[in-house]
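Please read the structure below before turning to the comments.
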């Protein structure tokens, strides 16, 4: 995916020469202007856009481990040259990336409170590297706020895992993947009870299989909150976090800025409303659904619905409890966290760099571009993204070399 200054400039010049006729604007001046602009843009891109990510980790051994077995986190990230801005990357990824075909096996598991959770399994029974199902490495995947196992970023993670011979399980939050709500309860970033239940359920089915988890956006926040609560008392050997919102107060404030509200906030609010609308008969036992459906921001939705459902006195109390930055010091297993500093869902100033330095188990990878679950790269970014490559290399590193992480 990477290319040096000379290669990129040469390819761009050749492309422009082939595409732009000398007769542009009636003379060769047009061609000269276009070529000059192209070269200037390429120089700007290579000097200001394409950069190596910032690797933040207090443990030198963890850094050396990543440099050897997950080298992508130390390599220059070349965002797609025509859409590197964070908002553009965020908006385009769902439409521009391919959707690998994945055949799931669905499992509905019952919870102690009478509810049910939908798990989508990719068993990878054709695995050549790990034919023994009892020891086949397993990756639990947690989608974002309204995401399910059908999201393109989840499908790409499963595709990467398939090539390595691993098994995947997608944790769909209650009521989000088409299954009925059996109790008046959905989900939130702070409540980890369902996740704890799912992790122990999977581990009980395959106790001899190495077990990791990867969370995206709100799924990453939920996973971090779980890890902060359990410390080392978890069957997971490691975790990967992508585009998590570290401080919910700062994330909400960013999303309430006019342009961000127009592009993201209002749309996500309507998605949340849609997700509870089909369960209206069950949920109206708990709160005023008509009032919830009038919400125009995520904050209003959380105030009228999420904080009420989970018993918080105020929405601020919920946001305080849901912010993973408060629990980072307690994480007891190796965790790699990828964020872009131009992510409007997780502003750069809210990323807990100093807190991460206080925990030897944490490594932050911060790119200058990439947006929220974007990380597009290549001229036409249909397939593998930078995030996909980080995921693949890190899970492979932990499953195959994890025992070396603190002995290097």
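Here, residue 1 is simply the first one shown, and the rest follow in order.
Yeah, the Cβs are placed from backbone N, Cα and C, and that goes for glycine too.
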Task = Write down the single range among 22-46, 47-71 that appears in TrEMBL as transmembrane segment.
result = 22-46
Key: C-alpha spacing of residue 343 (active site, charge relay system) relative to residue 372 (active site, charge relay system), in angstrom   = 5
Ask   = Could you give the Cα-Cα distance between residue 217 (active site, charge relay system) and residue 343 (active site, charge relay system), in whole Å?
value = 11
Ask   = Which residues of the same chain, at least 6 positions away in sequence, have a Cβ lying under 8 Å from the Cβ of residue 343 (active site, charge relay system)?
value = 86, 90, 243, 370, 371, 372
